[in-house]
2 protein chains.
Amino acid sequence: MEQQRHQMQAEMQGEYDPITEHAEAVCIDSAEDEASSFRTRSLKRSASAMTHNETSQTAMIGVRRCHIESLDYEIPDNDIFNENWKAKTGSEALQFLISKWTMACLVGILLGFVAFMVNACVENISGVKLLSTLNFLEQDRYVVAALVLGGGNILLVLLSVCLCACLAPEASGSGIPEVKAYLNGTNAPNILSMKTLIVKVLGSIAAVSGGLYLGKEAPFVHSGACIASLLCQGGSERFNLTWKWQRVLSHDRLRRDLVTCGAAAGIAVAFRAPLGGVIFALEELASWWRSELLWLVLFTTACITVVRQVINNLCEGGKCGIFGNGGLIVFDMSEVSTNMRLMALIPALLLGIVGGILGSLFTYLSGKIMKFYSNWHRKNECVGKVLQALLVSAITSFCAFGLPWLASCKPCPSGAECPSSLPTGIYKRFTCSSGYYNDLAGLMFSTNDDVIRSLLNNNTNNEFQYSSLLIFLVSTFILTLITYGLAVPSGLFLPVIIIGATYGRLTGKFMKSYIGFDNIDEGLFAYMGAASFLGGSMRIAVSICVILLELTNNLLMLPWTMLVLLISKTVGDLFNVGVYDQIVIMKELPFLEEKPEPYMKHLTTEDVCSCPVVSLSAIERVSAIVEVLAKTNHNGFPVLETTPASPYPTLNGLILRSHLLILLREKELFFQDACDPVCYDTKSGKIDITKLMSGKGPTMSDIRLTAEEEGMFIDLRPFTNTSPYTVKEDMSLAKAFSLFRQLGLRHLCVIPRKGGPCPVVGILTRHDFMPEYILGLYPDLKISKWRRIRIRLSLFKFVRKWCC
Amino acid sequence: MEQQRHQMQAEMQGEYDPITEHAEAVCIDSAEDEASSFRTRSLKRSASAMTHNETSQTAMIGVRRCHIESLDYEIPDNDIFNENWKAKTGSEALQFLISKWTMACLVGILLGFVAFMVNACVENISGVKLLSTLNFLEQDRYVVAALVLGGGNILLVLLSVCLCACLAPEASGSGIPEVKAYLNGTNAPNILSMKTLIVKVLGSIAAVSGGLYLGKEAPFVHSGACIASLLCQGGSERFNLTWKWQRVLSHDRLRRDLVTCGAAAGIAVAFRAPLGGVIFALEELASWWRSELLWLVLFTTACITVVRQVINNLCEGGKCGIFGNGGLIVFDMSEVSTNMRLMALIPALLLGIVGGILGSLFTYLSGKIMKFYSNWHRKNECVGKVLQALLVSAITSFCAFGLPWLASCKPCPSGAECPSSLPTGIYKRFTCSSGYYNDLAGLMFSTNDDVIRSLLNNNTNNEFQYSSLLIFLVSTFILTLITYGLAVPSGLFLPVIIIGATYGRLTGKFMKSYIGFDNIDEGLFAYMGAASFLGGSMRIAVSICVILLELTNNLLMLPWTMLVLLISKTVGDLFNVGVYDQIVIMKELPFLEEKPEPYMKHLTTEDVCSCPVVSLSAIERVSAIVEVLAKTNHNGFPVLETTPASPYPTLNGLILRSHLLILLREKELFFQDACDPVCYDTKSGKIDITKLMSGKGPTMSDIRLTAEEEGMFIDLRPFTNTSPYTVKEDMSLAKAFSLFRQLGLRHLCVIPRKGGPCPVVGILTRHDFMPEYILGLYPDLKISKWRRIRIRLSLFKFVRKWCC
């Protein structure tokens with residue numbers, strides 16, 4: 001490794017180095033020779049690393065490659081901030097608290113209305129579409145029915161894909177991976193903007209009504225996150241006039257907390273599962289959480305539940321069109337007989353294994369298809385997306401209309417409304433004669449919710465035929481796969497539940513007839529199947545348990561649900577990662593896992609850290625700052641100080657790019673003489689620096705300086721974070737990773753082991769911890785992938801040894 | 001502050017300094033004058049700090065003051081460990097994984113059996129006791145009945161208190177605060193030992209059967225934690241022979257994870273709430289958690305649920321005595337009509353506020369009573385404890401037997417078995433004539449479970465009279481208060497639910513008759529009351545929601561439960577901390593909160609750090625090590641290294657006391673000449689140091705050295721953690737706290753800001769972050785308490801301004 005690194009350094013020796021020019025300006029009073037020689041070496045070395053590291057600073061957002069920034073959860077520790085903090089009185093802190101909770105409540109209320117709108121629109125549009133198709137079918141006008149269904153679907157999908165492709169590519173997909181990455185500290189442009197929100201909501205309505213096999217649940221999560229983020233920005237800007245204190249505290253941390261609330265509220269409103277939302281947010285989405293956050297999230301989901309209850313009360317009696325059957329429980333299964341004893345372990349085990357295998361297969365195939373789609377996009381972006389979506393929509397409509405012809409008609413059961421007159425009914429006549437129904441049409445000609453309801457339904461053991469369920473399973477599996485990569489807002493929850501419930505019901509039907517599990521309802525098998533496929537594809541545990549509990553209101557199934565989830569997740573993990581994690585990897589979002597990768601123990605911080613260390617002096621010339629800002633894209637700069645006592649400069653702290661830009665705008669802070677420490681104290685007192693630091697900071701293009709101003713100096717010390725976290729250059733990367741990840745840092749200074757001419761040898765950022773970057777530097781470490789396979793192989797060996 | 005500290009330092013100048021003697025041995029090659037003068041100064045200064053800090057290194061465990069040690073969750077980063085880590089093959093890692101999951105499963109199974117034993121014993125013993133008392137009453141033999149009840153109770157309580165007072169004082173109390181502190185990284189002796197487990201189980205059976213107002217739920221949590229900890233120790237020691245790899249990995253972290261599992265399993269088995277257990281462990285108990293831990297905990301609770309199901313199946317039909325009615329749901333309320341609309345906001349709000357006020361009152365009073373008891377204990381430990389318990393038992397029996405005489409008889413409702421023949425029935429005849437029942441006797445002469453069941457029961461709106469409920473409320477409140485501080489294993493959950501349900505039912509009765517809430521069942525009011533008192537006293541949110549949901553199987557109440565909990569917690573927080581947190585504070589357990597205290601932002605690490613920095617050289621004389629170990633009680637020592645290049649020594653790393661003791665025992669590692677680096681490489685290769693480092697290490701008394709051996713040297717470098725986390729001396733204490741807390745450290749090195757003669761100026765440990773220590777050093781900071789009150793006052797002002 002060492003050899004390789006030195007070789008790389010040597011290769012870079014000839015390159016142009018923009019920073020060397022002002023290196024003199026930095027170490028003014030220090031032992032100049034040594035310092036500048038060090039800095040040159042350091043710059044050279046890291047220039048090579050930087051080239052490598054560029055790759056991990058972009059990611060796919062929607063279908064475009066964007067520049068990614070890290071968020072900074074460290075509270076700055078500079079003089080200005082501290083003074084302001086000390087000045088904060090109790091009542092200001094209280095006002096902050098109240099406004100935080102008000103915002104959390106507002107997130108719940110707003111998302112509640114958005115969700116109502118989406119639900120009402122989807123149910124009405126698709127209801128009208130399905131009803132008219134069925135009417136034409138009953139009149140034997142097959143061509144017209146096909147045209148109505150196919151045409152309606154294609155128009156709706158066209159609307160959705162045009163919105164996503166042209167207006168906001170960030171809104172396509174489920175949004176959960178992006179929200180997860182945001183909560184991990186990754187900021188991608190536009191991911192939580194107003195435009196994204198609007199397109200997400202409208203696109204989701206159109207795509208779901210258009211009959212595609214996708215859910216509206218994950219888009220709620222993304223919408224909730226958008227609403228929270230917008231409230232945070234808008235709120236802080238709007239209240240700037242009245243509430244001074246909020247400026248300092250409108251920090252990335254508060255926004256992170258509220259975005260967590262919004263995402264949790266999304267799940268809460270999608271599944272009418274307030275607890276499930278809280279636990280999903282904490283288990284799957286949030287990377288950092290505290291018990292205070294737990295209360296805030298719980299409050300948001302309580303608010304949204306109350307809003308939902310109010311809207312449902314208002315909508316009673318058909319006032320909102322077909323939208324209706326309010327209640328808290330979506331798929332009520334509480335009446336299902338659960339006389340399941342220990343014997344139920346057998347189907348739980350079986351379905352768990354099947355779910356794990358199918359779930360990982362689904363993840364694998366969806367990855368392949370998404371790659372195929374994105375290659376297509378690269379060649380022909382806008383047209384490609386639209387064509388894909390239209391093609392998939394056409395295939396979906398063809399399946400919906402064509403496949404039910406394959407099923408034979410079944411006689412209506414006695415006592416049920418058959419064929420159903422409402423679009424929500426299970427018994428669709430389709431082309432059957434009176435008194436008969438087509439079971440496959442019942443599955444194909446319904447909204448996702450109704451399909452799940454009829455699959456989970458109890459006491460309907462002979463409602464579906466083997467052939468219909470099998471056709472439905474295969475077609476849904478394929479359609480979901482080809483739909484998920486499209487450039488439309490698409491959730492996975494409902495399609496996954498449908499697939500799982502279908503094979504669960506198939507298994508149940510088989511076991512009841514051939515193995516003799518007579519006392520278990522087919523609906524319960526469907527339920528366990530749904531749990532197993534959720535666990536196998538998403539690899540989420542506790543929140544899925546809670547969500548399923550709240551969806552079905554069947555507490556007695558809980559132990560079996562837990563077992564099924566544990567088994568399917570374990571089986572799935574043997575093959576690949578979960579579907580959301582796969583998307584995070586595919587989109588190259590710089591996600592910091594909880595634990596360091598094993599190979600990080602073999603590396604030291606020095607081996608990977610970002611260089612060149614472009615540092616500034618405590619009292620720096622304006623022109624030097626401008627140059628550094630213009631020529632690098634770093635966001636943090638170490639500030640070095642020279643004292644007469646020591647021969648070498650010492651580290652004063654770290655200053656952020658955003659703060660430097662503000663300082664350059666405030667020309668009152670400039671002064672003529674580099675050796676006049678008095679000038680700062682008087683000057684800075686005049687300016688309310690915290691006010692300037694809030695809101696959107698200036699960019700480089702906003703800075704206009706005269707030649708005279710450029711020759712002046714700024715005292716950076718009061719604006720410097722004087723105690724950044726530091727690690728030594730020989731600390732193992734795994735330990736540095738833990739520090740970086742646990743504290744949610746953006747910059748981590750690497751200091752030399754033994755002291756020496758320069759107090760900072762490098763800066764670690766999020767990108768330096770990314771596997772692709774590290775493995776790019778040290779390809780020798782890549783064997784770890786094979787090792788994982790070896791571990792899997794040894795598991796099989798172990799099991800075999802243990803069994804025989 | 002500065003002044004005060006300097007003054008303290010000056011005061012200590014005259015003291016004897018044991019370490020100065022070998023100061024020469026440390027800085028052999030370095031600029032001797034400067035180094036040794038530094039070390040002297042450093043020692044002097046910190047000697048004063050240490051005296052202060054001694055106070056926070058002990059805590060009340062049970063009722064005794066014990067020495068507290070911190071746990072170390074940092075993975076050591078020394079050569080030996082790294083080599084061993086690299087040598088670990090895939091199959092060894094897999095074996096570790098499998099044994100971890102097996103242990104988690106074992107924890108569930110063992111606790112399942114323990115819980116079954118406790119439940120069966122309690123139900124049978126108290127059932128027999130109550131039944132015979134009632135029989136004597138029916139025969140009008142009142143004195144015999146009173147003697148049976150009172151005598152039985154006193155005997156049982158005597159057994160319980162004798163076990164706790166004489167054998168294992170650690171087993172008294174609920175144990176939840178201790179488990180919480182353990183999971184925070186605090187190790188108290190015997191808190192998770194076999195003796196504690198046995199006394200906890202037996203004492204809990206006796207105390208609960210003895211009719212005291214306490215629950216057996218919290219003791220399950222403590223028992224689960226004990227079982228997990230014992231398995232961890234036993235497992236690793238037993239398997240030493242076969243599984244080499246486990247030695248290195250039998251780390252504090254694994255034990256912490258399994259103890260979390262055990263505690264979660266305790267809640268899961270107590271309330272038959274597997275999900276509630278998981279979420280309680282993660283919300284209330286665990287200080288650190290990862291998604292991997294979530295799966296492990298879920299697995300344990302799934303195991304225990306299956307075990308419970310099996311045992312219940314085996315016990316069907318009275319095979320286990322009175323123990324029975326298995327099922328998953330303890331208090332089934334699913335049939336309760338919940339036609340609660342928005343109007344239900346009013347009782348939710350009201351009960352939330354009442355719960356918050358009563359809960360904080362309860363916390364306040366229980367704190368006072370516990371202090372009173374512990375003063376009594378100090379004077380007369382064993383006898384005092386026994387007398388207290390007997391007194392409380394006598395009062396409880398008197399109330400149980402005496403108070404029902406105050407209630408008037410009510411006619412039996414039609415259609416119910418009245419008076420009940422089983423001890424679990426609600427309708428107790430007591431002294432009434434046939435066809436009548438005494439409602440207060442029904443509450444007083446039942447186990448806690450039955451009381452809750454009858455209070456939450458629906459469609460029994462007129463079963464209880466105002467006067468009976470009021471008498472029961474007051475007596476239960478007082479009895480619970482005086483019981484909770486006794487030296488018996490005692491849980492709070494059930495008494496709290498009883499109190500809450502009683503005032504909830506009272507409120508419901510009142511609102512139904514006078515305000516006209518006719519469509520809400522009294523049982524629902526009782527349920528909301530229970531939720532409010534749980535929230536108001538314990539301040540736990542999500543897990544209480546889940547536990548109540550699983551206890552009652554009534555999903556439709558969830559939104560109102562959430563609101564009630566949020567309100568009662570908010571109201572309660574205005575007055576004081578939750579009941580568990582209060583016990584943590586009272587017992588002086590060194591608990592690290594999630595967030596730094598506000599005043600920590602005003603201090604730097606230098607202001608509080610532990611001194612003297614007793615450091616060692618990289619190649620150190622054996623006698624010096626022995627002296628340092630004997631004369632200090634520090635657990636980590638910085639190892640300094642001197643290089644010819646630098647005038648000052650540099651920090652090589654940190655070595656632990658336990659590792660030093662092992663080195664002293666292994667005399668093969670000693671060598672004669674201080675300047676012979678070869679000798680280490682050959683020597684250490686011979687010894688499997690990781691084997692030595694596992695298991696119980698030697699103590700100072702195990703070390704026997706000859707004079708010749710004491711003159712030899714040891715090379716400490718391969719055993720040193722070469723990259724300890726460091727902070728600069730001018731970093732704000734709040735930031736250092738975040739680092740320390742988030743990473744679960746035991747030692748944090750404070751390095752000088754500007755370089756200089758000594759590379760370490762101090763070491764921060766858990767005790768340096770304790771409020772009592774910091775506020776002892778800087779009493780000026782204590783205003784923060786008043787500030788909190790000021791914030792509260794300003795809240796009232798704010799609300800008033802906002803309302804008017």
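Every residue gets a Cβ built from N, Cα and C, even glycine.
For A:720-781, the entry in TrEMBL reads domain 'CBS'.
Tertiary proximity for the transmembrane segment (A:101-122) is limited to same-chain residues at least six positions away from its ends with a CB under 8 Å from its CB atoms, namely 201, 204-205, 208-209, 216, 219-220, 223-224, 227-228, 231-232, 235, 258, 261-262, 265-266, 269-270, 296-297, 299-304, 307-308, 311, 315, 320-321, 323, 447. The transmembrane segment feature in TrEMBL is assigned to A:101-122 (among others).
Feature annotation from TrEMBL assigns transmembrane segment to A:142-168 (among others). With a threshold of 8 Å between CB atoms, the same-chain residues lying at least 6 positions outside the transmembrane segment (A:142-168) that come near it are 62, 125, 129-130, 132-134, 136, 190, 193, 195-196, 198-200, 202-204, 206-207, 209-212, 381-382, 385-386, 388-390, 392-394, 396-398, 400-401, 431, 486-489.
Non-local neighbours of the transmembrane segment (A:262-281) in the same chain are 107-108, 111-112, 115, 179, 183, 216-218, 220-229, 294, 297-298, 300-305, 308, 327-330, 491, 493, 540, 542-543, 546-547, 549-551; each lies 6+ residues outside the stretch with a CB under 8 Å from one of its CB atoms. What TrEMBL records for A:262-281 (among others) is transmembrane segment.
The transmembrane segment feature in TrEMBL is assigned to A:342-365 (among others).
Annotation comment: TrEMBL describes A:386-407 (among others) as transmembrane segment.
If you look up TrEMBL, you'll see A:470-503 (among others) marked as transmembrane segment. Note on the transmembrane segment (A:470-503): residues 62-63, 157, 160-161, 164-165, 169, 171-175, 199-200, 203-204, 206-207, 212-220, 222, 270-271, 354-355, 358, 362, 365-366, 369-370, 372-374, 377, 385, 388-389, 392, 395-396, 399, 403, 406-407, 440, 443-444, 448-449, 451-452, 455-456, 526-527, 529-534, 537-538, 579 of its chain, located 6 or more positions outside it, place their CB under 8 angstroms from a CB of the stretch.
The annotation transmembrane segment is assigned in TrEMBL to A:524-549 (among others).
Positions annotated as transmembrane segment by TrEMBL: A:555-577 (among others). Sequence-distant contacts of the transmembrane segment (A:555-577) (same chain, six or more residues past either end, CB-CB distance under 8 Å): 333, 338, 340, 344-345, 348-349, 351-353, 355-357, 359-361, 363-364, 524, 527-528, 531-537, 539, 541, 544-545, 548-549, 585, 792, 795.
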Three-state composition of the domain 'CBS' (A:720-781), taking helix and strand from DSSP: 25 helix, 12 strand, 25 coil
PLDDT averaged over every residue in the domain 'CBS' (A:720-781): 84
